[in-house]
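Chemist: Right, I'll just put the structure down here and ask away after.
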C-alpha cells in the first residue's frame, strides 16, 4: 500500500484506537458482570436454563468479537502504515464475521427483552406484538446485509480481475444502506421495548408506594430511576445512537478504514441483559435473606398497611401502627407480584424493640 500523508494517517489511527480502547473497556465491564452472574447462579443453584444459556452465549459472542476486533485493529493500522500483513479479502471476511456476531447477539438480546416485557405485562400477547414484528424486520434486514456482503466477498475471491483486488471496501456502498436500515429499525424496536418495560416497572412501583403511603426522598427517587434504566435495558439503545452517527458518516472516512461499530455494540448488547439478570438475582437473594417473615412477604398489599403484631409486646413503648418497610415490586414468570423488603430492622429499633433477633426467621 502506498504511503499516506500525516493528516489522513491521523484520521485513520485515532478513531481506530479510540474504538478498540472502548471495546476493551466494555469487555472488562462485561467480564465483571458475567462473573457476578455466574456466582449468583451457584449461590442460588438456579435452574433457569433459558436465561443461563442465553447469557453465556452473549458472553462467548462478546469474547469472540473482542478477539477479532483486536486482530482487525492491528492489521488495518499496519496496512495504513504501508505494511502488508494479511490479504485484504481476509480482512473483509473478519469484518463480515464481526457483523454476523453482532446480529446473532442482537437476536438473543431481543428475545430476552421481549420475554421480560411479556412477563412484566402479565403475559399479555398484544403488548409484545409490535416489538416482535419490528424485531423480525430488523433481523431480516441484517441477515440480508450479511448474505449480500458474503456474496460480494465470494465473487472477489473466485474471479478477481488481473492486477486488481476487488475488496469489500470498494463495494460497501452497495450494502451500507441495508445495515443502516437495520440499525434504525433496531433502535426503534429497543426504544419501544425499553419504554414498555420501564413504564411497567414505574407503574408497579408507583402503585405499591401509593397503597403503602410511602413517599420517596430525592435520593431514593434517583435510585429508582437508575434502577428502571438498568432493568429496562436502556443502555443498549443509548449506545446505538452514537454508533449510528458513525455509520452515517461513512463517506467522510478514508476508504476501507472506517471504525467498526459492530464490536462495541456486540459487547454492550451482551452487557444490558446480563446486568438485568444480575439485578433480578440480587433481588431474589435479598428477599430470601430478609429478616421479614416469608408470610409477611407474600401477604396482600392491603394487609401490609395494617399494624404488625410484635413477637414480644412488652419490649415496645407504643401500640401505634408500624410504618411498612421500603418495598420494591417485581413480577415472576407466572405474573405474580414479588415484593422485596429492605432495611426492615429499622422499624424495630425505632419503636424500642429489645432484641430484633426475636423477629427474624
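Yeah, the Cβs are placed from backbone N, Cα and C, and that goes for glycine too.
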Chemist: So which range, 152-175, 224-247, gets flagged transmembrane segment in TrEMBL?
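Modeler: Result: 224-247 is the stretch TrEMBL calls transmembrane segment.
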Chemist: Among 12-38, 309-335, where does TrEMBL put the label transmembrane segment?
Modeler: 12-38
Chemist: Examine the ranges 96-115, 336-355 and name the one recorded by TrEMBL as transmembrane segment.
Modeler: 96-115
Chemist: For the transmembrane segment (181-203), what are the same-chain contacts with Cβ under 8 Å, counting residues 6+ beyond its ends?
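Modeler: Non-local partners: 106, 110, 113-114, 116-117, 120-121, 127, 130-131, 134-135, 137-138, 141-142, 145, 227-229, 231-234, 236-237, 240-241, 243-244, 247, 330.
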